[in-house]
Amino acid sequence: MTEREHGAFSSGPFAKGHGTGNDFVLVADVDGSAPLTPERVRALADRRFGIGGDGVIRAVPSGRAGDDALDAAAHGAAATVWAMDYWNADGSVSEMCGNGVRVFVRYLLEQRLAELPDGGSIDIATRAGVKRVVRRGALLSADLGGFELGRDSLVAADGLDVARPGLAVSTGNPHIVVALASEDELRDLDLQRAPALDPVPADGANVEFVVPGVIADGVGSIRMRVHERGVGETLSCGTGAVAAAMATRHWSGDAADRWIIDVPGGRLEVELDERGHAWLTGPAEIVFRGETLSPVP
Ligand SMILES: N[C@@H](CCC[C@H](N)C(=O)O)C(=O)O
């Protein structure tokens, strides 16, 4: 019997949103009574039999999330904050999603579950800790906190002549950043198959391929494509943009603290503040609302 015949959906409202084309199905669970399951996530994220998305996000009060990692009190914040329960399209959970946290806040505002005046901030519990999101006009900025540079590995991908060195970067979730020599190389990559990593990271990794551009007036530029853990190639990855900026900054000898990252779905900005926190700024939109029907939409 297939997952669809099992009835992985239950009826209820949802919204669909995206940040630079990285798209998510969003559901609210105000009393913590509707936890997600891998089957439900895969059904909702299915682009042919479901709604479709790179991920599924449940909005739940942090104290009711039913997951210690999403308990804001454990991170020293108020237990009343909203928690972003983020799942990849394949039914796996991730610690963090940089585009997702902005789209999540936009969803809370549209659903009137939170208020955020221009310049104001809101704290969101994630599995990578509590993140602060600030409204800047039409854009949202998220303080994704510190990052860690890790070890080099070898990355092979379809379209590349030989395996290339990749630098591990943790932004709460795992990334490997690979510098390419030209925009032609970036364009000719075929990311339908996951890149092969050596050594293979225990928890997998998101892999960003970047072409660093010029650094002018303290601002660097990067073109990026990404293969996401648990999804495949996506049009954008916010934590991936942070990883790409911090790896490129490292390779440049810390030449700039502000980076513009162009991805297939648009443009993101990453800025490192004086505390060593990486801020991710970009658009976040809700594009439609609907209702799932049981057992299939
Ligand atoms: N697209 C996201 C990252 C989503 C999670 C990732 N696939 C993982 O498994 O870590 C972003 O915008 O950061």
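Every residue, even glycine, has its Cβ placed from backbone N, Cα and C.
According to DSSP, Cys97 (active site, proton donor) is assigned to coil rather than to any helix or strand. There are 30 other CB atoms within 10 A of the CB of Cys97 (active site, proton donor), with all protein chains counted. Per TrEMBL, the feature active site, proton donor maps to Cys97.
If you look up TrEMBL, you'll see Cys97 marked as active site.
Summarising the annotation, TrEMBL assigns active site, proton acceptor to Cys237. Mapped onto three states, the DSSP output places Cys237 (active site, proton acceptor) in coil. Long-range Cβ proximity for Cys237 (active site, proton acceptor), meaning a same-chain Cβ under 8 A and a gap of 6 or more residues, is found for Asn22, Gly98, Asn99, Asn206, Glu208, Val226, Glu228, Val263.
What TrEMBL lists as substrate binding site is Asn22, Asn88, Gly98, Asn99, Asn173, Asn206, Glu228, Arg229, Gly238, Thr239.
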Just the number: how many Å between the Cα atoms of Cys97 (active site, proton donor) and Gly238 (substrate binding site)? 7
Listed in sequence order, residues not in Asn22, Asn88, Gly98, Asn99, Asn173, Asn206, Glu228, Arg229, Gly238, Thr239 with Cβ within 8 Å of the centre of the substrate site Cβ atoms: Gly55, Ser94, Met96, Cys97, Gly100, Val226, Val231, Thr234, Cys237, Gly240
All-chain count of other Cβ atoms within 10 Å of Glu228 (substrate binding site): 29
Just to verify: the residue among Asn22, Asn173 with the fewest other Cβ atoms within 10 Å, which of the binding-site residues is it? Asn173
